[in-house]
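Quick look at what TrEMBL lists:
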TRANSMEM  43-66  transmembrane segment
DOMAIN    69-216  domain 'N-acetyltransferase'
Amino acid sequence: MAPYHIRKYQESDRTQVLDLFFHALDEYGPASFHHILKLPRTFVLLLGVSLGLLLVSGSWLLALIASPTLLTALRFLCKYPWTKFTAECLRTDMSNITKSYLSEPGSCFWVAEAEGQVVGIVGALPVKEHSLHKEQLELLHLCVALDHRRQGIAKALVRTVLQFACDQGYGQVVLTTSMLQHSALALYQRMGFQKLHQFSPLCWRLLTVPLVTFVYYLPSAQASWAHE
(Lines of atoms letter the chains of each structure in order from A and count residues from 1; the text may use other names and numbers.)
(Lines give C-alpha, C1' and ligand atoms only; values in the text may rest on other atoms or scores of the structure.)
Protein backbone atom coordinates (compact mmCIF):
# COMPACT_ATOMS: atom_id res chain seq x y z
CA MET A 1 0.00 0.00 0.00
CA ALA A 2 1.61 3.23 -1.17
CA PRO A 3 1.58 6.09 1.37
CA TYR A 4 -0.63 9.03 0.46
CA HIS A 5 -1.19 12.56 1.65
CA ILE A 6 -4.09 14.96 1.20
CA ARG A 7 -3.53 18.52 0.05
CA LYS A 8 -5.38 21.36 -1.63
CA TYR A 9 -5.92 21.22 -5.36
CA GLN A 10 -3.41 22.95 -7.64
CA GLU A 11 -4.03 23.93 -11.24
CA SER A 12 -1.30 21.49 -12.34
CA ASP A 13 -3.55 18.68 -11.03
CA ARG A 14 -6.35 19.42 -13.48
CA THR A 15 -5.65 16.70 -16.07
CA GLN A 16 -5.23 13.96 -13.45
CA VAL A 17 -8.29 15.12 -11.51
CA LEU A 18 -10.53 15.09 -14.56
CA ASP A 19 -9.19 11.69 -15.67
CA LEU A 20 -9.98 10.25 -12.25
CA PHE A 21 -13.41 11.88 -12.24
CA PHE A 22 -14.29 10.51 -15.70
CA HIS A 23 -13.04 7.01 -14.93
CA ALA A 24 -15.09 6.91 -11.71
CA LEU A 25 -18.27 7.97 -13.51
CA ASP A 26 -17.64 5.44 -16.29
CA GLU A 27 -18.10 2.67 -13.73
CA TYR A 28 -21.69 3.63 -13.01
CA GLY A 29 -23.11 2.98 -16.48
CA PRO A 30 -22.35 -0.77 -16.36
CA ALA A 31 -23.42 -0.88 -12.70
CA SER A 32 -26.78 0.66 -13.67
CA PHE A 33 -27.14 -1.84 -16.52
CA HIS A 34 -26.50 -4.80 -14.22
CA HIS A 35 -29.01 -3.35 -11.75
CA ILE A 36 -31.70 -3.15 -14.45
CA LEU A 37 -31.02 -6.71 -15.62
CA LYS A 38 -31.81 -7.98 -12.12
CA LEU A 39 -35.26 -6.37 -12.10
CA PRO A 40 -38.20 -8.74 -12.73
CA ARG A 41 -39.87 -6.19 -15.00
CA THR A 42 -36.84 -6.24 -17.33
CA PHE A 43 -37.26 -9.99 -17.82
CA VAL A 44 -40.99 -9.49 -18.42
CA LEU A 45 -40.26 -6.75 -20.96
CA LEU A 46 -37.72 -8.81 -22.90
CA LEU A 47 -39.92 -11.90 -22.92
CA GLY A 48 -43.10 -9.95 -23.70
CA VAL A 49 -41.63 -8.07 -26.67
CA SER A 50 -40.13 -11.25 -28.16
CA LEU A 51 -43.36 -13.21 -27.78
CA GLY A 52 -45.41 -10.29 -29.08
CA LEU A 53 -43.30 -10.04 -32.24
CA LEU A 54 -43.51 -13.80 -32.73
CA LEU A 55 -47.30 -13.78 -32.42
CA VAL A 56 -47.77 -10.76 -34.67
CA SER A 57 -45.22 -11.56 -37.36
CA GLY A 58 -44.80 -15.30 -37.02
CA SER A 59 -41.08 -14.76 -37.46
CA TRP A 60 -38.67 -16.46 -35.08
CA LEU A 61 -35.89 -14.29 -36.50
CA LEU A 62 -37.59 -11.08 -35.38
CA ALA A 63 -38.32 -12.60 -31.99
CA LEU A 64 -34.66 -13.58 -31.54
CA ILE A 65 -33.39 -10.15 -32.68
CA ALA A 66 -35.75 -8.27 -30.36
CA SER A 67 -33.99 -9.13 -27.07
CA PRO A 68 -30.43 -8.12 -28.13
CA THR A 69 -31.85 -4.91 -29.62
CA LEU A 70 -33.67 -4.08 -26.41
CA LEU A 71 -30.58 -4.87 -24.34
CA THR A 72 -28.51 -2.51 -26.47
CA ALA A 73 -31.13 0.20 -25.97
CA LEU A 74 -31.16 -0.42 -22.21
CA ARG A 75 -27.37 -0.22 -22.05
CA PHE A 76 -27.50 3.17 -23.77
CA LEU A 77 -30.31 4.28 -21.46
CA CYS A 78 -28.24 3.34 -18.41
CA LYS A 79 -25.35 5.55 -19.53
CA TYR A 80 -27.55 8.57 -20.23
CA PRO A 81 -28.00 9.94 -16.65
CA TRP A 82 -24.27 9.65 -15.98
CA THR A 83 -23.38 11.26 -19.29
CA LYS A 84 -25.79 14.09 -18.52
CA PHE A 85 -24.32 14.49 -15.02
CA THR A 86 -20.77 14.60 -16.40
CA ALA A 87 -21.70 17.25 -18.96
CA GLU A 88 -23.41 19.34 -16.27
CA CYS A 89 -20.33 19.18 -14.02
CA LEU A 90 -18.03 20.18 -16.87
CA ARG A 91 -20.33 23.10 -17.63
CA THR A 92 -20.41 24.28 -14.00
CA ASP A 93 -18.07 23.64 -11.06
CA MET A 94 -15.56 21.29 -12.76
CA SER A 95 -15.01 23.65 -15.68
CA ASN A 96 -12.71 25.78 -13.53
CA ILE A 97 -11.94 24.06 -10.24
CA THR A 98 -9.75 26.87 -8.92
CA LYS A 99 -12.44 29.48 -9.52
CA SER A 100 -15.30 27.31 -8.27
CA TYR A 101 -13.68 25.95 -5.11
CA LEU A 102 -10.65 28.03 -4.13
CA SER A 103 -11.71 31.62 -4.77
CA GLU A 104 -13.64 32.01 -1.49
CA PRO A 105 -12.80 30.91 2.08
CA GLY A 106 -15.98 28.83 2.58
CA SER A 107 -15.19 26.24 -0.10
CA CYS A 108 -12.29 24.00 -1.04
CA PHE A 109 -11.11 21.11 -3.24
CA TRP A 110 -8.61 18.46 -2.15
CA VAL A 111 -6.62 15.70 -3.80
CA ALA A 112 -5.10 12.58 -2.31
CA GLU A 113 -1.66 12.06 -3.79
CA ALA A 114 0.41 8.86 -3.79
CA GLU A 115 3.78 8.51 -5.50
CA GLY A 116 3.21 11.74 -7.42
CA GLN A 117 -0.19 10.65 -8.76
CA VAL A 118 -3.65 11.96 -7.87
CA VAL A 119 -5.51 8.93 -6.51
CA GLY A 120 -8.48 10.60 -4.82
CA ILE A 121 -10.50 13.81 -4.95
CA VAL A 122 -13.26 15.58 -3.05
CA GLY A 123 -14.76 19.05 -3.16
CA ALA A 124 -16.88 21.15 -0.82
CA LEU A 125 -19.14 24.10 -1.59
CA PRO A 126 -21.74 26.02 0.42
CA VAL A 127 -25.26 24.93 -0.53
CA LYS A 128 -26.80 27.16 -3.16
CA GLU A 129 -30.00 27.88 -1.24
CA HIS A 130 -29.51 31.36 0.21
CA SER A 131 -31.06 30.65 3.62
CA LEU A 132 -28.66 27.71 4.17
CA HIS A 133 -25.59 29.19 2.48
CA LYS A 134 -23.68 29.69 5.73
CA GLU A 135 -25.19 26.69 7.52
CA GLN A 136 -24.64 23.74 5.16
CA LEU A 137 -21.53 22.66 3.30
CA GLU A 138 -22.05 20.22 0.42
CA LEU A 139 -19.57 17.38 -0.13
CA LEU A 140 -19.05 16.77 -3.85
CA HIS A 141 -17.26 14.43 -6.26
CA LEU A 142 -15.71 11.98 -3.80
CA CYS A 143 -13.67 9.64 -6.02
CA VAL A 144 -10.81 7.22 -5.39
CA ALA A 145 -8.81 5.45 -8.11
CA LEU A 146 -9.77 1.79 -8.49
CA ASP A 147 -6.36 0.41 -7.57
CA HIS A 148 -6.14 2.59 -4.43
CA ARG A 149 -9.46 1.68 -2.85
CA ARG A 150 -9.82 -0.08 0.52
CA GLN A 151 -6.85 1.87 1.85
CA GLY A 152 -8.80 4.44 3.87
CA ILE A 153 -8.40 7.22 1.31
CA ALA A 154 -12.11 7.92 0.90
CA LYS A 155 -12.57 8.02 4.67
CA ALA A 156 -9.64 10.40 5.03
CA LEU A 157 -11.03 12.69 2.34
CA VAL A 158 -14.44 12.79 4.04
CA ARG A 159 -12.78 13.56 7.36
CA THR A 160 -10.91 16.40 5.68
CA VAL A 161 -14.23 17.89 4.54
CA LEU A 162 -15.77 17.48 8.01
CA GLN A 163 -12.80 19.18 9.68
CA PHE A 164 -12.90 22.00 7.14
CA ALA A 165 -16.63 22.48 7.75
CA CYS A 166 -16.07 22.62 11.49
CA ASP A 167 -13.22 25.12 11.12
CA GLN A 168 -15.33 27.30 8.85
CA GLY A 169 -18.26 27.36 11.29
CA TYR A 170 -20.74 25.27 9.31
CA GLY A 171 -23.39 23.32 11.20
CA GLN A 172 -23.97 20.52 8.70
CA VAL A 173 -22.32 18.68 5.83
CA VAL A 174 -24.71 17.32 3.21
CA LEU A 175 -24.23 15.12 0.16
CA THR A 176 -26.25 13.31 -2.48
CA THR A 177 -25.38 9.92 -3.92
CA SER A 178 -27.14 7.09 -5.75
CA MET A 179 -28.33 3.85 -4.20
CA LEU A 180 -25.99 2.00 -6.58
CA GLN A 181 -22.90 3.27 -4.78
CA HIS A 182 -22.99 0.63 -2.07
CA SER A 183 -19.47 1.17 -0.73
CA ALA A 184 -20.03 4.92 -0.47
CA LEU A 185 -23.38 4.44 1.28
CA ALA A 186 -21.78 2.12 3.83
CA LEU A 187 -18.89 4.54 4.39
CA TYR A 188 -21.13 7.53 5.00
CA GLN A 189 -23.32 5.65 7.45
CA ARG A 190 -20.30 4.27 9.36
CA MET A 191 -18.95 7.81 9.67
CA GLY A 192 -22.16 9.10 11.23
CA PHE A 193 -24.04 10.58 8.26
CA GLN A 194 -27.81 10.31 8.56
CA LYS A 195 -30.22 9.71 5.71
CA LEU A 196 -32.42 12.75 5.09
CA HIS A 197 -34.56 11.70 2.14
CA GLN A 198 -34.68 9.67 -1.03
CA PHE A 199 -35.85 10.98 -4.39
CA SER A 200 -35.84 10.10 -8.09
CA PRO A 201 -35.38 12.77 -10.79
CA LEU A 202 -37.08 11.90 -14.07
CA CYS A 203 -34.02 10.54 -15.86
CA TRP A 204 -33.20 8.36 -12.84
CA ARG A 205 -36.71 6.96 -12.55
CA LEU A 206 -36.20 5.18 -15.85
CA LEU A 207 -33.37 3.24 -14.19
CA THR A 208 -35.26 2.77 -10.91
CA VAL A 209 -32.12 4.08 -9.20
CA PRO A 210 -33.15 6.55 -6.50
CA LEU A 211 -30.82 9.22 -5.18
CA VAL A 212 -30.37 9.70 -1.46
CA THR A 213 -29.35 12.76 0.54
CA PHE A 214 -27.28 12.40 3.71
CA VAL A 215 -26.47 14.93 6.41
CA TYR A 216 -23.74 15.03 9.03
CA TYR A 217 -24.44 17.23 12.05
CA LEU A 218 -21.18 18.70 13.25
CA PRO A 219 -20.55 18.34 17.00
CA SER A 220 -20.21 22.10 17.52
CA ALA A 221 -23.65 22.64 16.01
CA GLN A 222 -25.19 19.82 18.08
CA ALA A 223 -23.69 21.26 21.28
CA SER A 224 -25.09 24.69 20.39
CA TRP A 225 -28.60 23.29 19.80
CA ALA A 226 -28.46 21.34 23.09
CA HIS A 227 -27.48 24.53 24.94
CA GLU A 228 -30.34 26.45 23.36
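Backbone N, Cα and C define each Cβ position, glycine as well.
Predicted-model confidence for the domain 'N-acetyltransferase' (69-216) is 90, expressed as mean pLDDT. Across the range of the domain 'N-acetyltransferase' (69-216), the DSSP-based residue counts are 66 helix, 45 strand, 37 coil.
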